[in-house]
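Pulled from TrEMBL:
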- 364-453: domain 'Fibronectin type-III' (DOMAIN)
- 248-271: region 'Disordered' (REGION)
Ligand SMILES: [Zn+2]
């Protein structure tokens, strides 16, 4: 369903079904951007994005095994430039943004022949209200050519993945002066092409610290809507890969899922639905219900492995002659990940999608916790329970539901600032979820209930 008609449908449904306990409550999806978000979207600048991509390409190669101390060429020079640039943005943040080099030594592994220092460059903008709640956006700054072990040849990596790094950095610049309620992390990770090593380390550090990451987005190959292969460009489309059954699902969780369903209600799927609700005008997120493309992966998988909701943005149609290829002309075809194939207006559009998503997540309450559906008795109604959120501007909750065969939420009911509700619909016949609202009408992603006594 088109966005406009879906929104209209939802507002009618909500008005009919709701006991309106939240002032001004009208819509259940399709959120108009706030004044501050509109300003953020305006400030995202294609020329700055171009400058970042050009600078990253200028290091010749950013291969993970390339020089760490040559000031001009190699991944070390790229690392130092990204760090300095992010520090410059952080200087405008009134101490709220901190920038770190997160280094570790990757032991010998299939694509790492000698122990190698890998460094993620991480800018953290501390939340002003609930700083423990964290959202993460990444691009990877390492690059490669045809031979994944070749650290010498030119590997411009303009699309893969200077484009994604430019998204994360431009968001850091624009948001540094602002005060999101939750914490937002903007990271350029490395070691991706050798085996997702940088993001793997980063996600594990967060897991070890018990960091509450409620969403993570990898931007990887977001350079153009034009595949340069004779097909029609799709300059407003960006794909979002979101898994269904969680990568981190335990055997016990699988047993429950096999019993009552829920393949389409993992936390990453809910994130995909949230993205569609807040995508800005002029962009079309094509949500794809799989973890990633065939034969490929990206840094979101490192977060999925640790049980964090995560997804991957990527351009609508790839040209594989422009990825992971030596720069060369063969049979009249230009191979290589060259900057001439990038469209900076397109990358800016992808950055705006990310901005709308991250800002909306950070301004809304966190995803409800401990949501359960009462399964102690055979009844033809549904009792849901959850934990009360701690956000000071928390206004209440909405219960959403849909036919089991429907892709997206179809109905919503505001239920007020409560932690349990009984709905006169059979839990056997529809899928339910719960989301939180704040006093400004910002909605959290939906949490699907687990069966509980
Ligand atoms: Zn990549």
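Cβ coordinates are placed from backbone N, Cα and C, and glycine is handled just like the others.
All annotation found in TrEMBL is predicted automatically rather than curated by experts.
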DSSP-assigned states of the region 'Disordered' (248-271) in counts, ordered helix, strand, coil: 15 helix, 0 strand, 9 coil
Integer mean pLDDT for the domain 'Fibronectin type-III' (364-453): 96
Residue counts (helix, strand, coil, in that order) that DSSP gives for the domain 'Fibronectin type-III' (364-453): 0 helix, 41 strand, 49 coil
